[in-house]
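What follows is a short report on a single structure.
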Amino acid sequence: MDSDAWEIIHIPEKPSLSPDHQPTVKVYASLIKPRFANTIVRHLCKIAPLEDLRHVKRVKKKILPDCGETQLTVILCLAPEHNDQLSDMPPDVQRLVDPYELSPFITQVCKYAAVSKEEWEEQSKIWPTSFHPPTYNIDGIGGFSEEETQSICKFMRVVIDMAVSGHTPLVNAAVIVDPSVRRIIASETDQVYASSAPRDMTSAETRPFEETGEICLNDTLEKQNGSLSALSCLNPWQWSLQPHDTENCSQWHPLRHASMVAIESSSARDRNLFPNPSKIFDQDHVPPSNTDSPAKKQKTSSQSPDVQNDSREETVRDPSMERPYLCTGYDIFLLLEPCTMCAMALVHQRIKRIFYAFPNTTAGGLGSVHRLQGEKSLNHHYAVFRVLLPDDALRQMTTV
């Protein structure tokens, strides 16, 4: 990597694997006569559905080169991973063997659905599978323009500034941004400990990115060593081991991670700017969430993030304006990969994209330990990116 360049890496829904090294599982299969195919498949779908292998085609068809006849092979059911005995087939499946002249054997099929055409081509060499390219198009998955990259890097600089300025030890920081107008909606740091007094979250200010002058980067994360103990997402249970000032117990809370506080700040802002409850979105009438939905509209200036603007946002709103629904369409920038709790909170808030600088190898929820963006059962999915901060770029920021 160029030591003077910022690099933005997409973190996919599942770990990257070589197309020719796909995980497989064992299944019982058998050649079948074409005239029995429909009947056998109908029985198998009832008694042995392949719920976890929906990407795998139940029947494999092959044209025999010698005679041109069609050869059909059907998956009967899953097989035990550590046992190759045909007698372990479920009784309901075994009852199909004699009537339909089956000859069961054990073979392999790919465990996961392909996420690229290259993976699908390799999978089909083992057993035919289905491939469904993503139907959504989140900005950035296919790469960023130079202008977008600069904007992302500037917001990440705000995160670094917040994390290192006035905090000993280092804390995590979160900045929620409306990408449609490149404005900061909320910016907060960890408030798990009493030393991190909560900020006033009733301000109606929504501000564009501003140059913040010198950023005090005394050291990179790699050199912080023991100073990482206060990063709430890195050590979710560390708070329980620390002494707390009971007289100021209202100033700390074990769940006040940077992401959670930023969400609270964004909500307080919305309540202040859109006080009329009749204009609030009815959750029952919100359109289905999808990852390419536009950022929710705000009454904000569309100025460039480089333009200085110290004025507060107008608190008097057009009566026709409706209160936005949560954080739909927003981006969030974090110093550290969020823990599972914070990652799930960002799902509920309908965040569109997450950018973080450093992986969370102990409790990360977006790639390092868990991978929440790949959980199919969730009703919303965001795109996740890691922003690599080379040392040269960090040193350059200290001289702005």
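Here the Cβ of each residue, glycine as well, is placed from N, Cα and C on the backbone.
Zn(2+) binding, as stated in Swiss-Prot, involves Cys339, Cys342; the candidate among His82, His132, His253, His257 given for that site is His257. Within the same chain, the residues at least 6 positions away from Cys339 (Zn(2+) binding site) whose Cβ sits under 8 Å from its Cβ are Ser232, Cys233, Leu234, Pro236, His257, Asn360, Ala363, Gly364, Gly365, listed in sequence order.
Note: Cys342 (Zn(2+) binding site) has non-local neighbours Cys233, His257, Ala258, Ser259, Met260, Gly365, i.e. same-chain residues 6+ apart with C-beta under 8 A of its own C-beta. For His257 (Zn(2+) binding site), other Cβ atoms within 10 Å of its Cβ number 29. Over the domain 'CMP/dCMP-type deaminase' (250-385) the predicted model carries a mean pLDDT of 74.
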